[in-house]
Amino acid sequence: MSNLHLYTSARFRNFPTTFSLRHHHNDPNNQRRRSIFSKLRDKTLDPGGDLITRWNHIFLITCLLALFLDPLYFYLPIVQAGTACMSIDVRFGIFVTCFRNLADLSFLIHILLKFKTAFVSKSSRVFGRGELVMDRREIAIRYLKSEFVIDLAATLPLPQIMIWFVIPNAGEFRYAAHQNHTLSLIVLIQYVPRFLVMLPLNRRIIKATGVAAKTAWSGAAYNLILYLLVSHVLGSVWYVLSIQRQHECWRRECIKEMNATHSPSCSLLFLDCGSLHDPGRQAWMRITRVLSNCDARNDDDQHFQFGMFGDAFTNDVTSSPFFDKYFYCLWWGLRNLSSYGQSLAASTLSSETIFSCFICVAGLVFFSHLIGNVQNYLQSTTARLDEWRVRRRDTEEWMRHRQLPDELQERVRRFVQYKWLTTRGVDEEAILRALPLDLRRQIQRHLCLALVRRVPFFAQMDDQLLDAICERLVPSLNTKDTYVIREGDPVNEMLFIIRGQMESSTTDGGRSGFFNSITLRPGDFCGEELLTWALVPNINHNLPLSTRTVRTLSEVEAFALRAEDLKFVANQFRRLHSKKLQHAFRYYSHQWRAWGTCFIQAAWRRYMKRKLAMELARQEEEDDYFYDDDGDYQFEEDMPESNNNNGDENSSNNQNLSATILASKFAANTKRGVLGNQRGSTRIDPDHPTLKMPKMFKPEDPGFF
């Protein structure tokens, strides 16, 4: 030992200086870590802060795992088939102990955090929400007087101490009855404080966040896990009691053989598999009747009553591999807990009867708790659906009472169905109204800004003006074949299409029979007359009349900007009156586009008529007839003979052309005479309303200033 000490000392003296602690101390990463840990060490934590809230969720999961872990110690004793002996599964014990140490570490961290977590003073709860006590000494005193004892009892590694230190040094009884009784007692004693730690933790989570589970399905799964936990505990207790029942039978039969004239005599040490290769035990096994008298499969033998524990031996549960053994015990606990223990065949033993009564009562309590909580969580997911069904039933009864036509009833049903599919019963306006102004503005900007920017007219505005518009947009839903705006009706809102298509048509074209129709798609808008009305600087409060009829071609989801909101924005932000926005509005307005189209068509037709008149005049100059001073026309026969020198071959063509031009000029002279008498001028006015051409007057220009 001294040589090992000298060797290690010499090796440490010869260590290179690059690995010295001084160099490690000057590491910037190390200094950063130390600064973080020092801040955490000196900081008092807020019980409602993010750190404590997240830790409570993590620790709740750790508590559930620890509650599932502790009953696994009941599966350590095993029975080797056909040998009448018991042993401990050491490998499985090491596995459980490692995870148990990790759980104990989390409980220790929880205790340390509680010494640093502030609390609300009871005297300050009279007015307001209360004040936090940040003094470390007061926090420690309060914790030591309240929950420290329970947390410490849940943290102590009692099962590890019993398995690895107490039981191996228990003398000749370390493989006998004390083994199972002591282990079971320790595990059950510490199982209680660990469960008590979880209850106030659950209440704190609900107090901090409002719910223990964030979703309905996770809440239902949480309650189902608790129910499986109880089944897990019952199954493991049933297993260890089955082992103890088998050991009790062997012990009784062994004592009988010890008192009888039986050679070799039975010894309680033979019931442990550690003496399996003992020659005395092997000789005893050849003549003993312990195995036959304690066989649960022997129906004719009435030496011992196994009662409800007989299935553990008839199905070879005690000698099966761990997973087969565990799932069978879990199924046994789940079956009897759900059936309130009705399938149990208990013996007359008082302990067995008490255990059966406990299973019955526990099944009644926990099964009712499971059904109630799962039903509450699942009802929260279908509550809005049930409300919608009630409203739909009320709507159907109202339509039947009012005797609405089938077409109207179908449209109402379609709208109710579409509104449910779009909103799922959520009142978005009520949710937004309950939020602070700044948060509501940011949410509206996130939801509407990208959609509003898709409207080319609003894309010309700055962010502040767009925020003011987005803040006042409200969702609007319309089903197929719904007339949103009718021509001649007051316009009370502008619609910005998000999804769907609408048809915008007008008959106001300056002549009878005029019709113009366009299709509005996502990114388009309608009701632009309202924008003109909002920008007019007069005191007229009457809403403008629509010049178009807007009808939905499919289900349409849009945002609506009401008249009073648009008027408020126009009055508050004078930038809406800029020439740039005026030109952008005229360019993207469908009303102005329709007017421009008709104006171009009318101008083109006037141009074609003037071109035809000029062509006719040119043909007149090239022809053989002329006009005298009185406006009469003369043919070439009335002209001097010197002008009749053309050949005979052109005479017939000239006569046909002359007849055609004569008819055209006759009609032109007649119209010229009528116009000359009415206006005192021979000029043709293509803009006169008597002309038979389509005409659409330009929309009224707003009085921009």
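Placed from the backbone N, Cα and C atoms, the Cβ positions cover glycine too.
Residues annotated as topological domain 'Cytoplasmic' in Swiss-Prot: 1-57, 113-147, 202-222, 375-705. Under the heading transmembrane segment, Swiss-Prot lists 58-78, 92-112, 148-168, 181-201, 223-243, 354-374, citing sequence analysis as support. Here Swiss-Prot flags 79-91, 169-180, 244-353 as topological domain 'Extracellular'. Residues or ranges marked as nucleoside 3',5'-cyclic phosphate binding site by Swiss-Prot: 457-580. Residues or ranges marked as region 'Calmodulin-binding' by Swiss-Prot on the basis of similarity to another entry: 573-588. Annotated domain 'IQ' per Swiss-Prot: 593-622, in sequence order. The feature region 'Disordered' is assigned by Swiss-Prot to 636-655, 672-705. The feature compositional bias 'Low complexity' is assigned by Swiss-Prot to 642-655.
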The transmembrane segment (223-243) and the transmembrane segment (354-374) contact flag, 3+ Cβ pairs under 8 angstroms: yes
Tertiary contacts of the transmembrane segment (58-78), as residues 6+ beyond its ends and Cβ separation under 8 Å: 86-89, 92-93, 96, 99-100, 103, 106-107, 110, 159, 163, 179-180, 183-184, 187, 190-191, 194-195, 197-198, 201-202, 205, 212, 225, 229, 232-233, 236-237, 239-240, 243, 318-319, 322, 325-326, 329
Mapped DSSP class for Leu553 (nucleoside 3',5'-cyclic phosphate binding site), helix or strand or coil: coil
Summary of DSSP states over the topological domain 'Extracellular' (244-353), given as helix, strand and coil counts: 64 helix, 1 strand, 45 coil
Tertiary contacts of the topological domain 'Extracellular' (79-91) (same chain, 6+ residues out, Cβ under 8 Å): 163, 175, 179, 243, 246-247, 250, 270-276, 285, 288, 290-291, 294, 316, 318-319, 322
Conformational class of Val569 (nucleoside 3',5'-cyclic phosphate binding site) under the three-state DSSP mapping: helix
Within the topological domain 'Extracellular' (79-91), residues counted as helix, strand or coil by DSSP: 2 helix, 6 strand, 5 coil
Stretch-averaged pLDDT - the topological domain 'Cytoplasmic' (113-147): 76
Helix-strand-coil residue split for the domain 'IQ' (593-622), DSSP-based: 30 helix, 0 strand, 0 coil
